[in-house]
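The compositional bias 'Pro residues' annotation in TrEMBL covers 751-763. The domain 'CBS' annotation in TrEMBL covers 671-737. The feature region 'Disordered' is assigned by TrEMBL to 748-776. The transmembrane segment feature in TrEMBL is assigned to 139-159, 227-249, 270-292, 298-314, 326-350, 399-421, 441-460, 512-533, 539-558.
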Amino acid sequence: MESEQLFGSSTPYRNSYNSITSASSDEELLDGAGVVMDFHTTEDDNLLDGDASPGRTPGWSGRSCGSNYVMSNGGNAASSSTHLLDLLDEPIPGVGTYDDFHTIDWVREKCKDRERHRKINSKKKESAWEFTKSLYDAWSGWLVVTLTGLASGALAGLIDIAADWMNDLKEGVCLSAMWFNHEQCCWGSNETTFAERDKCPQWKTWAELILGQAEGPGSYIMNYFMYTYWALSFAFLAVCLVKVFAPYACGSGIPEIKTILSGFIIRGYLGKWTLMIKTITLVLAVASGLSLGKEGPLVHVACCCGNIFSYLFPKYSKNEAKKREVLSAASAAGVSVAFGAPIGGVLFSLEEVSYYFPLKTLWRSFFAALVAAFVLRSINPFGNSRLVLFYVEYHTPWYLFELFPFILLGVFGGLWGAFFIRANIAWCRRRKSTRFGKYPVLEVMVVAAITALVAFPNPYTRQNTSELIKELFTDCGPLESSQLCQYRSQMNGSKASWDVHDRPAGPGVYSAMWQLCLALIFKIIMTIFTFGLKVPSGLFIPSMAIGAIAGRIVGIAVEQLAYHHHDWFLFKEWCEVGADCITPGLYAMVGAAACLGGVTRMTVSLVVIVFELTGGLEYIVPLMAAVMTSKWVGDAFGREGIYEAHIRLNGYPFLDAKEEFTHTTLASEVMRPRQTDPPLAVLTQDDLTVEDLQAVINDTSYNGFPVIVSKESQRLVGFALRRDITIAIENARRKQEGIMRNSHGVLYPACPHPPRRQPPPPQTAQHPGHEPLHRH
């Protein structure tokens, strides 16, 4: 490794579609022998025009954040540079910005923001207008997160309503009002019975509309055909829209958002086209019945809103580091509307996606999550006055002996997470390396067809995944008509014992158990092949569904074990005959949290999210035990979660703060070239020509170069970026005459806050009416 690589050598990266030939840089603030290279400017870097006064040959001077580039024609005359505020206000076009698939310079951006803040504070007492501008600047952060929360909540409500309607469209249509889904269509019907509450004259299945009959083999085949037809139509439309209009709208978006928040530039990933197409195709993908969810993509949608609104405020549009504070708040708003968990959204942004999270970002993230949740609650997309469809409340306590099955569910979640990550990454890698990945439309259609054909016969795979989770979470009671609640009712005098939970399972429960086992196998297989398709696809809901199915099966098994063997030492202290002991829905909730934790390796934020779903503090301990067990088991097979694995698969330059590195190389071994390596590519401070600079740039591919005093004195004084040098040279040639190949350049180290009037340095002469002139 050469020393230039320590200062940000070019490294090729690959995104989801194309090979990225651009480089990433890790620019840093260097302290070299007391000379500080401070990336510090008011706006973007300014052009310093050469002095055209008599006796001076036209030349050019340009300043890049971190170095002053001063060039004179032939070396007979010279120019210099002082503080930016004393010179021209016109910035060099392009300097201070970043190319696509490059890494931002955090130090440069923070210095730019500090200089902007200092300039505003110095002017706010000059006039009422300047004071108003300072107030606007101070409140712009709260304004942009407010707009982001409003937009995120509104779009989430729109997506929920449209997805529910289109999902029910696969089974039938409401004749009285086409825009009503199945549940809304039967709300006002007086002919709905308790046993068949979803059947009403206003709702017609496709078999009833086409064949005129609701029962029989012909009716079943027609409904089967129409279900598959609508599923394939939705999937085809979704993948075509993504492929043609916005390729970045596919997938979950969380791996890329984690990378962007760490400082990487992906142009267009958070743009308006991506927002519009992702919103539309997310509805289509969820309605197609694929094993995916909308919760993960909602984070991407919210970040698109935050990125778009940040361009309304110069404080954020001109500073990439400040913009990432808005994106952190937007990701919190996305999780807030996805699960109805504002606090969990803030913790998710802090624990899972954010790379730079100052205290003020924590406050603004909380406020954005609050606004988004308020807007979604006002829309009330599910008609239950809740923010999510599967909100549940439990009123029975848990007992100490239940920790054992809870920990078993945690072990299952960890094993499932490790298996899913390896299997999904292996399939995605195979997709990238074979011809099958060149036909994304065909792949989506094949997966959608298999999903629809296999899912329709099983009622637990045919219904929407969120509705499945709701049914699995819900505790059985007298108002539930699900197969999972078809227990044998025991007559106690003239009253059936419907008010107790523990009772023998009936035929419906055993039938549901077999169907849930088949649904579990189906969900596991299809989720592996679905996540990574070229359609919007989230992973939260499928993982929670798998865990909820496994948890409900374990819960019913423990419930029946406690009923038939209540005299065992495990049960007799807590589970008396006819007592309320086991809650299978609680096991489903714990299993859902364990499986989601095994896949994503989230801990604190996941427990809080699930806690906000249930609203019960007494279930914190079971959730914590299952989630931590899931993480420990998953970490035994690999420490990275699914999002980190996809970041590594795509080759994004993400340095995970949670990852540990073991280095055995000494600095002296990498700071000098090996015998077979070319000499170090460095820039000297005061004896370079344009030809020398262009030769270094053309002969190397590094993103920046160390600046030394001279060839004799190899003392490091700073660091010059390749992009800034190139832009400064091109800009000088375009705007000034006389720049030739033998024009000399001098690189001056910049001070963090140079004074307005500083004494002339050695070997300089103060020209009357001009800046200090450097003598060559």
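Every residue number used here counts from 1 along the chain in the order it is shown.
Cβ atoms are placed via backbone N, Cα and C, with glycine included.
Just so you know, TrEMBL annotations are computer predictions that nobody has curated.
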Stretch-level contact, the transmembrane segment (270-292) and the transmembrane segment (399-421), CB cutoff 8 A, at least 3 pairs: no
Which of 139-159, 298-314, 326-350, 399-421, 512-533 contacts the transmembrane segment (441-460) most, counting Cβ pairs under 8 Å: 512-533
Candidates 139-159, 298-314, 512-533, 539-558; stretch with most C-beta pairs under 8 Å toward the transmembrane segment (399-421): 539-558
Beyond the flanks of the transmembrane segment (139-159) by at least 6 residues, Cβ under 8 Å: 279, 282-283, 294, 298, 301-302, 305-306, 309-310, 312-313, 315-316, 325-326, 329-330, 333-334, 336-338, 360, 364-365, 367-376, 378-379, 381
Non-local residues, at least 6 beyond the ends, that sit with Cβ under 8 Å of the transmembrane segment (298-314): 140, 143-145, 147-148, 151-152, 155-156, 159, 252-254, 256-257, 260, 270-272, 274-275, 278-279, 282, 323, 326-327, 329-331, 333-335, 337-338, 353, 372, 536, 538
Helix, strand and coil counts within the domain 'CBS' (671-737) (DSSP): 24 helix, 15 strand, 28 coil
Averaged pLDDT score, the domain 'CBS' (671-737): 81
